[in-house]
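Taken verbatim from Swiss-Prot:
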DNA_BIND  104-175  DNA-binding region
CROSSLNK  LYS289  SUMO1 cross-link
DOMAIN    319-558  domain 'NR LBD'
REGION    21-55  region 'Disordered'
REGION    173-188  region 'C-terminal extension (CTE)'
REGION    547-558  region 'AF-2'
Amino acid sequence: MSASLDTGDFQEFLKHGLTAIASAPGSETRHSPKREEQLREKRAGLPDRHRRPIPARSRLVMLPKVETEAPGLVRSHGEQGQMPENMQVSQFKMVNYSYDEDLEELCPVCGDKVSGYHYGLLTCESCKGFFKRTVQNQKRYTCIENQNCQIDKTQRKRCPYCRFKKCIDVGMKLEAVRADRMRGGRNKFGPMYKRDRALKQQKKALIRANGLKLEAMSQVIQAMPSDLTSAIQNIHSASKGLPLSHVALPPTDYDRSPFVTSPISMTMPPHSSLHGYQPYGHFPSRAIKSEYPDPYSSSPESMMGYSYMDGYQTNSPASIPHLILELLKCEPDEPQVQAKIMAYLQQEQSNRNRQEKLSAFGLLCKMADQTLFSIVEWARSSIFFRELKVDDQMKLLQNCWSELLILDHIYRQVAHGKEGTIFLVTGEHVDYSTIISHTEVAFNNLLSLAQELVVRLRSLQFDQREFVCLKFLVLFSSDVKNLENLQLVEGVQEQVNAALLDYTVCNYPQQTEKFGQLLLRLPEIRAISKQAEDYLYYKHVNGDVPYNNLLIEMLHAKRA
């Protein structure tokens, strides 16, 4: 699709352009653009009466090219085409994301087209020359306004003081300018340039990947065990008589849970603003320009909402986006969670006689139930989530509770697991062979799928910072229907995506595909969680899992 001009812009160009040409005196002396810029800088410190008026210049602005053809699916090894072998797509829907195919970079100082890396970052030729002359000539400018002049392509020459200040603010390096006035800069910023290029390439890949949104993702190709599949099919008719809405459940287990102080009703704290953060009345749209907000923009829209770029120092030894640091603050204290769950299980076992002792599967269900309590507590106290109203909180949790459980289990194995063992939430290592010898084949197959995912994530060097990002991406799913504040959910998802991308590129530069590989694990986690839900439902209908626990309440709420 060829580039085109908006009718109003074109008419404005004709009007001002022809007027400027008609009124231009024929005897006016014209300087080269470079000379004209130098003269303007020289006059910057003079009083107003000595300044020549700057004629208004109209510029023909070409709108960015928009691709009409949606990008293809991105495979795990970076090619376009079909999904990885262990995934299949049952149905999908294209979302019309507009994006510039070439992702043309704009100068962070004035917004003009960049010409390359100059003194620390991508800038245009004009700002490059201005910065070099200012530093080499040791110029000192003054601002006749309030030192906050707007600097853009059409006004960058009006106030050199504010222009130079913005050059420094956006990251141009004084030490990169050669003092000997020779051409070329100091070649000590090569690693930073290389990392920046890699980051931009990853962003391009993300944008293309986000151009295709899967409306529904099927399960992993490996089918569920035949006995589980047939059992689920056979119980559908019998299950129609089960209550699928919220029912009055016996409060015994909930009362004893160390994570709650009252019978569980999934009640969330009232809607309140985050302390220290601006309210989320606006998030950028999903258009390409705002999907990765320019940290240097000073427009009102860009200043609203939470920006992970704040305080993000790319030159630190291990760069961590500020948003990820905030997400880490929300993480529960793991030893405390372990102690609470262990105390609960010991109390539970002591209240039973020898004949009523829990089976291996029953004990694992109790652990999962208490882990789910801790996950709900984590969500309730987390940044962004507590900004949502209770109804939206309920919908998000009911949608992803099983995925969060699976992700929690998998990360625990990646971080603490040992070869041939399963690391339980209680902090104990149990032999893998011991568990599979006391549970059914269907459960063992689910455990095997999870362990395969553990191996893949270990090979990616999956760490806690990436784990918290994936948790928030799972929790803030824009696929949930009837959300009142969908804009906030989408905005959080976009910002966490961007923070995760920056983190992986800056901290794992040797793994160029890590970001994409991590995102590809999310559909696999969802597929495993779906099978786990079906298995849990099957066991529940057979009477192996009681009603009075959070697992079953959430299971019924999701199926309602």
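The backbone N, Cα and C atoms fix where each Cβ goes, and this holds for glycine too.
Taking H, G and I as helix, E and B as strand and the rest as coil, DSSP gives the DNA-binding region (104-175) the counts 25 helix, 8 strand, 39 coil. Confidence for the domain 'NR LBD' (319-558), expressed as mean pLDDT, is 91. Broken down with DSSP, the region 'AF-2' (547-558) shows 9 helix, 0 strand, 3 coil.
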